[in-house]
Amino acid sequence: MTERQIYTVSAEIAGRTLTLEAGRFAEQADGAVVARYGDTMLLATVVCAKEAREGTDFFPLTVDYEEKMYAVGKIPANFFKREGRPTTTAILISRLTDRPLRPLFPKGFYNEVQVIITTFSIDMENDPGPLAIIAASAALAISDIPFAGPVGAVQMGHLDGKLVVNPKMGEIEKSRLDLVVAGTKDAVLMVEAGAYELSEDEMLQAVIEGHAVCKQICELQEQLVQLCGKPKRPFTPPVVDTSLEEAISAWMGDRLRKAVRSPVKQEREAQTEALKAEVIAHFTADEPEEEIPNRTKEVSKAFEKLLKDEVRNAILDEGIRVDGRALDEIRPISIEVGVVPRVHGSALFTRGQTQVLTIATLGSPGDEQKVDDLGIETTKRYIHHYNFPPFSTGEIRRLGTPRRRDIGHGALAERSLYAVLPSEEEFPYTIRLVSEVLSSNGSSSMASVCGSSLSLMDAGVPIKAPVAGVAMGLITGEDGRWRVLTDIQGIEDALGDMDFKVAGTANGVTGLQMDIKTTGITYEIMRQAFAQARAGRLFILEKMNAVISAPRPELSIYAPRIMTIQIPVDKIGALIGPGGKTIRNICDTTGAQIDIEDDGRVFITAPDGEAAKKAISMIEGLTREAKVGDIFLGKVVSIKPFGAFVNILPGKDGMVHVSELDEKRVENVEDVVSLGDEINVMVIDIDRNTGKISLSRRAVLTGETPEARKAAGAAPRPRPREEQRGGREEPRSLREELRGPRRDGERPRPRRRDD
């Protein structure tokens, strides 16, 4: 057995070492690279099928990002102690890795390719997302799989007014920008970002500076290829039968143009499918029966190529889109809010034939989503879910768990709105948005952004500004010409070269996602796309503001009411009670839900304000500390010749001296109060040593404040000896309790030292 050869290359990126290593792991994979940045370490493997599956007419690329709990020194908490289904983070990183790799495989290459990225170590400082792209690209680059890479990837932040390369995880939480850019040495391939209203120029500058770092990472991968790269397997793109295309084009005449140029998706699809059926029937009529299936595929492929050319050439040559719009024109928009009864907020956003209904639901802090990514437990108080049912495109498909696409679109809409949400201190509710795509003809994710902003305002959530989104497209020609399209629809997305989604407020960008189908785009194209996106966004915001321009002043009557109080940390146990008995009693009595934070904040979520106030009263009764000047409605629990003892808080009594019972002189305590009476009393003094509380009914009756009493020279009355000895009555000793009361005439027994 030959000795294993290990190859390593390294470079300094943003003050940390990026290392790529091949030859140590997974030798039977077509390509395997370990990428390490700091102490974050990933293994990427790639395997390609030897032949394409028969009948396959698409590129079957699969990218899986596998999170392993051992990477953070944890054991899975489930019953089987094994990793389960992919987390949302794993799915998003899988999609993030797939998008810049896919355009770099040759056209017509239909062999199945599987990329698996496995987490070996996560250091909680360096984001594994960009590193996953680098590792996968390097594995493909050194393999024999046809691939026009390598691809570099980098994360960009914006801290203290400056762009930062690969900010650490703790820093990204404070950053105004979280952007991942990937590209080859020649062009940008993919951008994904969330931002706090950055300008288009700032976003583009972040992409440009990030791409410069990507070039360095590409050079590092090229060094690894020189050390251990395999020769690429031969691949010959399928030969296109242009004569068949020419024959079909001549036979159809201008019928394809007429069929394509219909503003209604269903009509356009019906007309093109009918024409396609005629073409297939005509060009397979003379074929032997056994050749008809193959001939049908050839004719169908040629027809689809002509359809694509017709759509693209009309845009490049004439500036005409299939629905007759100008290149920068947005489809007709209609907006409704409050369309669903009893929900907390709702909005129906329709743009062309894309229609999204977004529902907002407000919940208690206890409704926050608990997230456990690689053993790091966090919570999310804002959640966005995106649903894309089959009827939205007139199709039949099995329903089940959300697909990767649904999760990705939901995450994009979620981060696009994050910048305008109120803080937990301003608005302590948990917020869930659900976008139901009811009809789709392109840009449903951006329609979800618009619908979400509208539904939040309808629900009364105090967002900082409305947010709108629009998707831009791109058509390029072989002669270098290009056209950017505003508000692309389905056919333009499918047959175009770019999907460039921009969301934001009137002040700046809050969300960005760019995917392309070519080998890269230039900064000039991106600058034009940003400019058209801003114009489109402002147009849409104007339409939205005409319906609802600010959050409603009141929450829905069906939304819960949340009130917040602060209790001493040492009172948390008293509020919870033994085994949670006390807090459960409050919840059962009032119908409220109570959530307690470690810092003593208590959130009371109730169906109405009265229930919340009742719960607060009960909580304060358990946790409130008496202070001088506080007024309580107390209950008389004991009467003595020198005054009355009044219970003001659970387990806390104070004494009202006879001189403090009334404005006038009181000879007999029971002339003023009786046992069980409820009276208003003010705390006038708290003994620093014993904690005993002096109360005054007279101060409440006269409206006298503690400050006024002090200025007038009034002092708390001295406590009588009986009260000073310890409360209502001095407790008897155990011997006295056992001895019982003395009989009449019995002399007291002398006390012993041990009594």
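Using the three backbone atoms N, Cα and C, a Cβ is placed for every residue, glycine included.
Marked as Mg(2+) binding site by Swiss-Prot on the basis of sequence analysis: Asp493, Asp499. What Swiss-Prot records for 719-755 is compositional bias 'Basic and acidic residues'. Sequence annotations record features per position, and here Swiss-Prot assigns domain 'KH' to 560-619 based on sequence analysis. Look at Swiss-Prot and you will find 629-698 tagged as domain 'S1 motif', backed by sequence analysis. Sequence annotations record features per position, and here Swiss-Prot assigns region 'Disordered' to 704-755.
Most buried of the binding-site residues Asp493, Asp499, judged by other Cβ atoms within 10 Å, is Asp499. Across the domain 'S1 motif' (629-698), the model assigns an average pLDDT of 90.
A helical conformation is recorded for Asp493 (Mg(2+) binding site) in the three-state DSSP classification.
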